[in-house]
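Right, one structure below, let's go through it.
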Amino acid sequence: MTNIRKTHPLMKIVNNAFIDLPTPSNISSWWNFGSLLGICLILQILTGLFLAMHYTSDTTTAFSSVTHICRDVNYGWIIRYMHANGASMFFICLFMHVGRGLYYGSYTFLETWNMGVILLLMTMATAFMGYVLPWGQMSFWGATVITNLLSAIPYIGTNLVEWIWGGFSVDKATLTRFFAFHFILPFIIVALAMVHLLFLHETGSNNPTGIPSDTDKIPFHPYYTIKDILGAMLLILTLMLLVLFTPDLLGDPDNYTPANPLNTPPHIKPEWYFLFAYAILRSIPNKLGGVLALLLSILILALVPFLHTSKQRSMMFRPISQCMFWMLVADLLTLTWIGGQPVEHPYIIIGQLASIMYFLIILVLMPMASTIENNLLKW
C-alpha cells in the first residue's frame, strides 16, 4: 500500500513542501529565517487574536482596554508583551532574511523575490496600524504624521488623507478602521506567504555558493526540520528574554501617556524597525521628495535583480561586493540611529549623507563592484 502521506490530496501538499522536499545539502543558518518568519507570523496571529478578545477600538476606551488587558486579564500582560516584542522579532528576522537574499543572490528568483517585497510592504503596513491601536501619545501622533504624508501627493492628496482618516483629523473612525485592517492583513500575509513558498518550490532553494545544487539534494525532513526546531527554540528564547526581563526596551515611554491631540510630543518617531526609512524621509527638506524617497527606500529592493551585473550569483567569492554589502548594513544601522535622534545639527547632515550613501551603494557602487570583479577574473 502506498503511503497516505504521498497520496492524500492535502497530505501530499504538506509532504512536498516540508517532508520530501529536495533541499540543497549545504544551506547555512541564514536559510533558517524563512521558517522563523512563519513561526513569528503564527505567534502574532495567536497573541493578536487573544488581545482582540479584550480590546475595544474606541478612542475613549482603547487606552484603558490595553491597561485592563495588562492588569486584569489572566496572563494578559504576557500576551500583550509577546505581541509587541514579537513584532520586533518579526522585523529582525525579516531584515536578516532580506539581507541573506541580497548577499547570496536569491533575488534572481524573480517571482519569489517580488512576492517577498510585497510581503515586506504588507508587514510594515500591518505593524504601523498595530502601533496606533493602544492610542497612546506616540500612537496618535505617529498616525497623524505618517498618514499626513499622503497630502504631499499633488491634486488628490488632501482628499486622500481625509478619506483615510474618515474625517478631518485622526479620530474614532481612523482607530476603528485601523483595527479592522490590522486584524485582516495578517491573514492576507499568510496567503501571500503560501504563494511565496509556491514560487520558491518551483525553482528550489538557492545555496551559499550560488551554484545549482541539483546533483546534491537531501530530503527536508529530518535534516532541516531538526535544524529549524533549533532556530525556533533560539527565537523563542530571545523573545521570552525580552518579554520577561525588558518588555519595554524597544518601546517608547510616550506611548504610556494617553493620546492628546492638544499636546505634541517633543520627538515624534516610529518603532525602531521603521527608523531607517524615517531617517531617509526626514533627510529631504521637501515633503513630496521625502515621501518619494521613503517609498523608494523599500521599493528599490524590486530593482535589485535588474542591477545584478556579476557573472556569479552569490557574493561568497566576491570580496569587493562583500565590502559593499557590509557598507550597506553599516549605513542602515547609521540611518536607524539617526531616525531616533532629534532634527538638529549634526544629526541632519549625518542623515542626509547616510541617505545618499544608501541609494548610491545599491544603485551605483554594487553594480560597479560586480563589473570590476568580472574584469579581474577576465570574465
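Any Cβ shown, glycine's included, is placed from N, Cα and C.
Annotation comment: Swiss-Prot describes HIS83, HIS182 as heme b b562 binding site. Annotated heme b b566 binding site per Swiss-Prot: HIS97, HIS196, in sequence order. Swiss-Prot lists HIS201 with the feature ubiquinone binding site, giving similarity to another entry as the kind of evidence. Residues or ranges marked as transmembrane segment in Swiss-Prot: 33-53, 77-98, 113-133, 178-198, 226-246, 288-308, 320-340, 347-367.
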Intrachain residues whose Cβ lies under 8 Å of the transmembrane segment (77-98), provided they are six or more past its termini: 30, 33-34, 36-37, 40-41, 43-44, 47-48, 50-51, 66, 69-71, 116, 120, 123, 127, 130, 235, 238-239, 242-244, 247, 250-251, 271-273, 301
Are there any residues in the same chain, six or more apart in sequence, whose C-beta is under 8 angstroms from the C-beta of HIS83 (heme b b562 binding site), and if so which? GLN44, THR47, GLY48, LEU51
Remote residues contacting the transmembrane segment (320-340) - C-beta distance under 8 A, at least 6 residues beyond either end: 99, 102-103, 269-270, 272, 274-280, 282, 310, 347, 350-351, 354-355, 357-358, 361-362, 365-366, 369-370, 372-373
Could you check whether the transmembrane segment (113-133) and the transmembrane segment (347-367) come into contact, where contact means at least 3 Cβ pairs under 8 Å with the two residues of each pair 6 or more apart in sequence? no
The transmembrane segment (33-53) vs the transmembrane segment (226-246): three or more C-beta pairs under 8 Å (separation of 6 or more)? yes
DSSP, reduced to three states, assigns HIS196 (heme b b566 binding site) to helix
Should anything in the same chain at least six residues away from the transmembrane segment (288-308) have a Cβ under 8 Å from its Cβ atoms, list it; otherwise answer none. 98, 102, 105, 107-108, 110, 113-114, 117, 120-121, 124, 149-150, 152-154, 276-278, 280-282, 355, 358-359, 362-363, 366-367, 370
Listed in sequence order, the residues of the same chain lying six or more positions from HIS196 (heme b b566 binding site) whose CB sits under 8 Å from its CB are THR112, MET115, GLY116, LEU119
